[in-house]
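What TrEMBL records for this protein:
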ACT_SITE  Asp63  active site, charge relay system
ACT_SITE  His97  active site, charge relay system
ACT_SITE  Ser285  active site, charge relay system
DOMAIN    54-321  domain 'Peptidase S8/S53'
SIGNAL    1-23  signal peptide
TRANSMEM  359-380  transmembrane segment
Amino acid sequence: MRTLVLLCIFAVLAGTPAPVALAAEPECPAPIPAQAPHGSPPAELLLAHRFATGAGVKVAVIDTGVAPHPRLGQVADGGDLIGTGESGGAFHDCDGHGTIVAGVIAARPAPQHDDALLGIAPDAEIIAIRQSSSVLRSPARPEESAGTIATLADALHRAVDMDAHVINVSLASCVPAHLAGSLDARVLDEALLRAEHSGAVVIAAAGNIGTACPAGSISYPAHSPTVIAVSASETSHDLAQYSLPTSGTPYSAPGRVPVGLSPHGEGFATGMHHQTQQQPFMGTSFAAPVVSGVAALLTQRYPEDTPAQLRARLTASASPGTGHISSTTALTVIMGEAYHQQVSLTQPAEPDMRIQQRALTFLLITAIGLASLGILLAAWRKMM
């Protein structure tokens, strides 16, 4: 077996240097507390829920864990691939990332329907698979953050084994374009191929431009033709400046979560305190679950569709240019046979062993771990 080149380590939140502490249970970032947003959910989302709510659909969230929250419905334990030994496993979200992602997908309405927070597919079942962390350490590599391409492939297999219909991967591993063809990512490609053949559609973050992910990089797993790579949008007509452009069909969704489900309690949060920084929930990792939620709605409404056909529905409904996804448009678009196109994965090219011997290490980025803190905070201040 070839040694996998992509020894992907998670970038620390907001692009700060990696924590030096090697303890299995370092101090977790604290949520920035907030009140539930006032008002009513978006009218478009309420209209979409007349057609589908995600009932009967399983959405795997491969992330930093999903903490229990009263506004989340059924959450299944998909396992812990970090293996730090601390309690909680897949239901412990130290980073405060996976819980926000799950809430975007499937947050349920308030008991009295008296606030505006509502997931795209509130009746979907979440499968929590903890695969990555910017804070926790793997006992096998205590000097590195947890999460590798190999464990990402394992997480994809777990999602398939648990009959996931939709798989959300809110992370990106960025590789310089001139090296991408020489890297051996077959273990990941094989897992993605199995997901496609099983009937699961995979949605991933496109990636965020920064020092660890320069413009022009190839982003994994968004590199695959069967993966829906989602960029972040500022409006339906404008992509966020930090969003890494995609090479295939453009898809985009809002990249900012003003208020999300708190990962450490029953309340709500606007971001996370990490060391001396306050980080809002912003990035392509928070755009991806919007599209995953829409995919869950489509799966309920069109249960016989293949992943290729679901991608075709999203493509047909996306706005020109930015690829902005509208849930209502996706659920009501009239499809023709021409849209039902098949896409297949190809065997990666033989890797350059000289490059393999260098054991190149690339950063695995989460949305709250943007590679450029300056871009993140500057964008946030403009919205304040």
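Cβ atoms are placed via backbone N, Cα and C, with glycine included.
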In the predicted model, what is the mean pLDDT computed over the domain 'Peptidase S8/S53' (54-321)? 92
Including all protein chains displayed, how many Cβ atoms other than that of His97 (active site, charge relay system) lie within 10 Å of its Cβ? 33
If one measures from the C-alpha of Ser285 (active site, charge relay system) to the C-alpha of His97 (active site, charge relay system), what distance in angstrom results, rounded to a whole number? 9
Asp63, Ser285 as active-site residues, winner by CB count within 10 A: Ser285
Cα of His97 (active site, charge relay system) to Cα of Asp63 (active site, charge relay system): how many Å, rounded? 7
Helix, strand or coil: which one is Asp63 (active site, charge relay system) in, per DSSP? strand
With DSSP assignments reduced to helix, strand and coil, which class does His97 (active site, charge relay system) get? coil
DSSP, reduced to three states, assigns Ser285 (active site, charge relay system) to helix
